[in-house]
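For reference, the structure discussed in these notes is given below.
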């Protein structure tokens, strides 16, 4: 599986995720605005954080 791993509005980058079946896109707001984190897997998140997990290559941009 290949997942995007750039932060927020950085240019797209990807990484290979051997053994993982999900990519995630996690977003929340703080004093800097909306923060977006992307990566491999499907993490547990705290309330108030918007999480999307998906299962195809580069699906989490």
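Backbone N, Cα and C define each Cβ position, glycine as well.
Copied over from Swiss-Prot:
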COMPBIAS  1-16  compositional bias 'Polar residues'
REGION    1-20  region 'Disordered'
DISULFID  3-23  disulfide bond
DISULFID  17-40  disulfide bond
DISULFID  42-53  disulfide bond
DISULFID  54-59  disulfide bond
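Of all the disulfide-bonded residues given, namely 3, 40, 54, the one with the smallest number of surrounding CB atoms inside 10 A is 54. Shown for the compositional bias 'Polar residues' (1-16): DSSP residue counts in helix, strand and coil, namely 0 helix, 6 strand, 10 coil. Put simply, 23 is the one of the disulfide-bonded residues 3, 23, 40, 59 whose Cα lies nearest to the Cα of residue 53 (disulfide bond). Listed in sequence order, 3, 23 are the same-chain residues at least 6 apart in sequence whose CB falls under 8 Å from the CB of residue 59 (disulfide bond). In this structure the C-alpha atoms belonging to residue 54 (disulfide bond) and residue 42 (disulfide bond) are separated by 8 Å. All protein chains considered, the CB of residue 42 (disulfide bond) has 18 other CB atoms within 10 Å.
Neighbour density around each Cβ, counted as other Cβ atoms within 10 Å, peaks among the disulfide-bonded residues 17, 23, 53 at 23. Cα-Cα distance from residue 17 (disulfide bond) to residue 42 (disulfide bond): 12 Å (rounded to the nearest whole number).
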